[in-house]
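Undergrad: The structure that follows is given in the form of structure tokens.
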Amino acid sequence: MSEPLPITDAPKQRKPDWIRVKAPMGQAFSDTKALMRRLNLATVCEEAACPNIGECWTKKHATVMILGDTCTRACAFCNVKTGMPRPVDALEPQHVADAAAELGLEHIVVTSVDRDDLPDGGAKQFVKVIEALRRTTPRTTIEILTPDFRNKADAAIEMIVAARPDVYNHNLETVPRLYPTIRPGARYYASLRLLETVKRLDPTIFTKSGIMVGLGEERLEVHQVMDDMRSADIDFLTMGQYLQPTPKHAKVADFVAPKTFEAYAAIARAKGFLLVAATPLTRSSYHAGDDFVKLRDARNAELARKAAVPAA
């Protein structure tokens, strides 16, 4: 059963200059949109009203959202529609692979809505998408951004990890104190355990997680989330500014200045993340392809450093 969406009716605040982006336009943008329509694919870029859609789609980058466009939950920060989803589309995995091939993607990000109505939470569809991508465009690296799978997490994670995506992303979204109002359908430590389990099952898979700031969190709370992530051996941290999608969603508590993001990034790097992306416009899949290359290079550099240290 869906949780009720907190009704705030808070008017959207005027964004500072560092948040503003150009309106999407251009032939490449139009071509990407047309391709997604033709293959009957949803994208989180559109459904979540991502501010970077113009830049990404112009570069023919898109984050595909599988399992439909309707979520069984109603988080206070998310613009994806809530309700009873349609049945799973058996053709969707191949359509995702066809889109990746047609766009010539070197790296693809695949996410989904929450599907609490399904016995496996949608895990089998993630596996089928990964398998279709490996068959159709084997050189494309695969990043998945999954939900928490609620009470089905153990079986779901084992199934997906066995399919061997290159990056497993699951966002913590915010600090634990704000979960009851911002992410009421989820549990902070369950999400943390999910990522810890991925790394335990297959240490070669990169793990990634992100949080939003500007929801009323304290800096020390953000630092604690970083520590929790490192305890779970998460490789890559993303941080971005929360933006209120509609007046019905949670209000922006504050617009975090770029210098504060720089400070957060420096602290995160000192805590041992392989890679950190922290800017007002950072989103989970923003520059994901370039970041995957950096992530791989950072791991190789770390392994080389360890190999160079003589055994005690």
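Here the Cβ of each residue, glycine as well, is placed from N, Cα and C on the backbone.
Straight from Swiss-Prot, here's the annotation block:
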type	residues	note
BINDING	C45, C50, C56, S285	[4Fe-4S] cluster 1 binding site
BINDING	C71, C75, C78	[4Fe-4S] cluster 2 binding site
DOMAIN	57-274	domain 'Radical SAM core'
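Relative to the rest of the structure, where do these features sit?
TA: A coil conformation is recorded for S285 ([4Fe-4S] cluster 1 binding site) in the three-state DSSP classification, outside any helix or strand.
Around the Cβ of C75 ([4Fe-4S] cluster 2 binding site), the same chain contributes E173, I182, R183, P184, G185, A186, each under 8 angstroms and 6 or more positions distant in sequence.
Predicted-model confidence for the domain 'Radical SAM core' (57-274) is 93, expressed as mean pLDDT.
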Undergrad: For the [4Fe-4S] cluster 2 site (C71, C75, C78), what does the 8 A shell look like? I mean other same-chain residues with CB within 8 A of the CB centroid.
TA: R73, A74, F77, N79, V80, T82, V113, D114
Undergrad: Please report the number of other Cβ atoms within 10 Å of the Cβ of C71 ([4Fe-4S] cluster 2 binding site).
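TA: For C71 ([4Fe-4S] cluster 2 binding site), the count of other Cβ atoms within 10 Å is 24.
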Undergrad: Using Cα coordinates, what distance in whole Å links S285 ([4Fe-4S] cluster 1 binding site) and C78 ([4Fe-4S] cluster 2 binding site)?
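TA: Roughly 16 Å, rounded to the nearest whole number.
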Undergrad: Please work out the number of neighbouring Cβ atoms within 10 Å of the Cβ of C78 ([4Fe-4S] cluster 2 binding site), leaving out its own Cβ.
TA: 23
